[in-house]
Each structure stands twice: as structure tokens, then as C-alpha cells.
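Copied over from Swiss-Prot, here are the features:
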BINDING   Glu15, Leu16, Glu75, Asp280, Lys350, Arg357, Arg358  N(1)-(5-phospho-beta-D-ribosyl)glycinamide binding site
BINDING   Arg107, Lys148, Ser153, Ser154, Gly155, Lys156, Gly157, Gln158, Glu188, Glu189, Phe190, Leu191, Glu196  ATP binding site
BINDING   Glu261, Glu273  Mg(2+) binding site
DOMAIN    112-302  domain 'ATP-grasp'
Amino acid sequence: MTQFPKTVMLLGSGELGKEVAISAQRIGCHVIACDRYADAPAMQVADQAEVLAMTDTDALLATVRRHRPDVVIPEIEALAVSALAELEQDGITVIPTARATAVTMNRDRIRDLAAGELALRSARFAYAASAEELRAEAPALGWPVVVKPVMSSSGKGQSVVDGPDGLDQAWDAAMAGARGTSPRVIVEEFLRFDLEITLLTIRQHNGETLFCAPIGHEQEHGDYQCSWQPAELSSEQLHQAQAMARTVTQNLGGVGLFGVEFFLCGDEVIFSELSPRPHDTGLVTLISQNLSEFELHLRAVLGLPIPSITTADAAASRVILAQNQMDAVSYTGVDTALQEPDTQLLLFGKPTARPGRRMGVALARGEHLAEARAKADRAAACVRVLQR
């Protein structure tokens, strides 16, 4: 029988980490939130906070060893991943595993695993370690192509390139948006897909794997803009997606929730990417499911039962973005937005803003997806981010 309180340390304290912290505290956990800047969203609700350079191996090891948490939950990609393996050797549980975190934070490693070792369907791709290599590799994939850093988040450094003349600019953008030290990009064929989906996949201590209803979403420059649940898939498409998600998450191992992304192209389901943690497109589950992705993650991590996952008939989310650079923020239009029935707002509490930064999300339910999406869109459009 699981005994509480458990001590949970979050490595990264953004909006997703904040919801994980809240879910952990609801079941009696002590939460320590870590990030590179003070007053990050999860720190605002945590029991303790630590500010440190998250990519500094020595600083990360010292911080975790000082607290000796029961579990360490990485919430961001920009981490000293080599420290996670050392922590596992110390007997500290890393979620889902140190290896899974290391593999999935690098597009080349997860693509080599999924498309190579596991033979999952993916877009055709190549790697390039210089602008010259990029110019050599891209034409064989056909135009347009998508160029991405092997390590980045929230779409940073991604470009769609229509022809050879745009490759040097795409290389420069990838290097500017990259995290880590690898001067390498992945270049992919551009898929003319019908839909992008996220399949939230939950691995439990008892060995069982559960799935949430698929979530449809739209991206702009590689960054999530809106999502809806349930996405409409045929039974065969759902079977393909679940089989691929089960295969790749079983290989990665560990427990917890994974966000597995796919493209739907006609009848084909094509693997895209994977996050070993709650997914931004899954914010919709705060209104769509009886157990949100954050609650599911905590239950799986701590070995607690998940009797059932139920989903509303139609629910949607729409992000709220900042338009300007601000060193302190306030909001208007909240009262207007909440006049929409069956609608909620989630303002993340980020202390500063910059153009395009995600500051919140509107969530809505409806009788059908078109209604839910329209409600979320209207509510999000009401909210303005202002200098305080």
C-alpha cells in the first residue's frame, strides 16, 4: 500500500508543471519546484522552490541530492540529462526513466528509435551537421521540406522551406532556436496531412497501458494553438495509433503519461514525436475528462489506481498569447470571456511576457466539436495581456 506524504520534485516549473504540482498536492504530496527563474508558474503553488541553472549538471545533482525526493519528474527539455542517470544510480526514481528523458529530448535519437529500431511509419528524413550538408540532403526529400533543430521546444527554430534558396536561412533559424550544443538538424519531407493528433498514453506500475481519447490539434510554427477532444478517427486509425504508441512507450519503459504525436494522412497513421510527460495539447483534458492528464500522470507515477477514464462529448482549447514584451503583466476581458457557458480560463501566472508567449488557455465544452471550438476561440479572443 502506498504511504503518503511523498516528496515530488519537478525539474521545470512551467504551466504544465503547475498543474502536476496541484494534482500532487491534492493527494498529499510535498512538492519542490525547480527552474532557471524565480516565480515560475509551478513555484507559485509548490511547497518549496529552487532556482538554478537547469543545464548545469553539478548544480542539478546537488539540488536533488540535498532534498532526496521520492520521485523526480522532468517537465522541460532543457536539462542536464546526464545528471538523471547519476540520480537513478543513487536510488532516486526519475520519471519515466533517465533513458526515456534523454532519448525523447533529441529528435534524432527518438526518430532513430521509432523509425529505425522499432520500424514505425514516419516521414522520410535526413540529418545535417552543417548548412552544406543540409543543401546536399534536402533535395532528395522533395519540396517543400521541414527543417528542425535536433533539440528544441515549442516549435523554436523550425522552418518550412519551399526550395534550395531558403535552406541557408532555415539553417540559421535552426541554430538560433536550438537548445543544447549539437549543431545538427533533422530535415523531413513535408507531409500533406489531414490531421495532427496526440494520443495520451499511460504506463502503470502493474504493466498495463491505458489510452485517452485522441486529441486533435493545430500548430503554428511548430507551436500548439488549439486542441479538441475527441478527434475523429476511424477504428483502424485508432488501432494503428494505439499499437505504435504502445510499442514505443514499452521500449522507453518506466511509468507515467506520454504524449505521442501522429499525423493522419488518408488511412495511414504516421509517427511524429513523443514527450515523456503531460502534453500542452492535453490541457483540454482539464475540462474534457473525469481525470485530467496531470491527475493521470500522478496516479501512474505513484502507483495509484485508474479505474476509468471518461471523456465529454466535445471539448476544446485555444491558447492566449502575449503580443508585446512586458516585464510585468495584467489581463483584461476575463469577465467577458467567462460569460460563455461551459467555459473556463487558465491563466498561467508567468511573471513576464514576450511576443507570442503562451500566457493562458481558454477551455470549453459543447454539444459537438464545432460548438466547443467556437466557444474556446471566442473566450480566448476576449482576453488581452497588458503591461502592469
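Numbering starts at 1 and runs along the chain as displayed.
Here the Cβ of each residue, glycine as well, is placed from N, Cα and C on the backbone.
For the pair Glu261 (Mg(2+) binding site) and Arg358 (N(1)-(5-phospho-beta-D-ribosyl)glycinamide binding site), the Cα-Cα distance reads 20 Å. Residue pair Arg357 (N(1)-(5-phospho-beta-D-ribosyl)glycinamide binding site) / Glu188 (ATP binding site) shows a Cα separation of 26 Å. Counting in whole angstrom, Lys350 (N(1)-(5-phospho-beta-D-ribosyl)glycinamide binding site) lies 34 from Glu188 (ATP binding site) by their C-alpha atoms. Per-site Cβ counts within 10 Å over the binding-site residues Lys350, Arg358 peak at Lys350.
When secondary structure is read from DSSP and collapsed to three states, Glu15 (N(1)-(5-phospho-beta-D-ribosyl)glycinamide binding site) falls in the helix class. Checked against Glu188 (ATP binding site), the binding-site residues Glu15, Leu16, Glu273 differ in C-alpha distance, with Glu273 being the nearest. Taking only the Cα positions, the spacing between Gly157 (ATP binding site) and Arg358 (N(1)-(5-phospho-beta-D-ribosyl)glycinamide binding site) is 17 angstrom. The C-beta environment of Glu15 (N(1)-(5-phospho-beta-D-ribosyl)glycinamide binding site), restricted to residues of the same chain at least 6 apart in sequence and closer than 8 Å, consists of Pro41, Asp280, Leu283, Leu346, Phe348, Lys350, Arg358. Less than 8 angstroms from the CB of Phe190 (ATP binding site) sit Gly142, Trp143, Pro144, Val145, Val146, Val160, each of them six or more residues away in the same chain. In the three-state DSSP scheme, Glu261 (Mg(2+) binding site) falls into the strand class. Remark: Arg107 (ATP binding site) has Lys148, Pro149, Val150, Met151, Ile186, Glu273 as non-local neighbours, by Cβ distance under 8 Å and separation of at least 6 in sequence. Here the candidates are the binding-site residues Ser153, Gly155, Glu196. The one whose C-alpha lies nearest to that of Leu16 (N(1)-(5-phospho-beta-D-ribosyl)glycinamide binding site) is Ser153.
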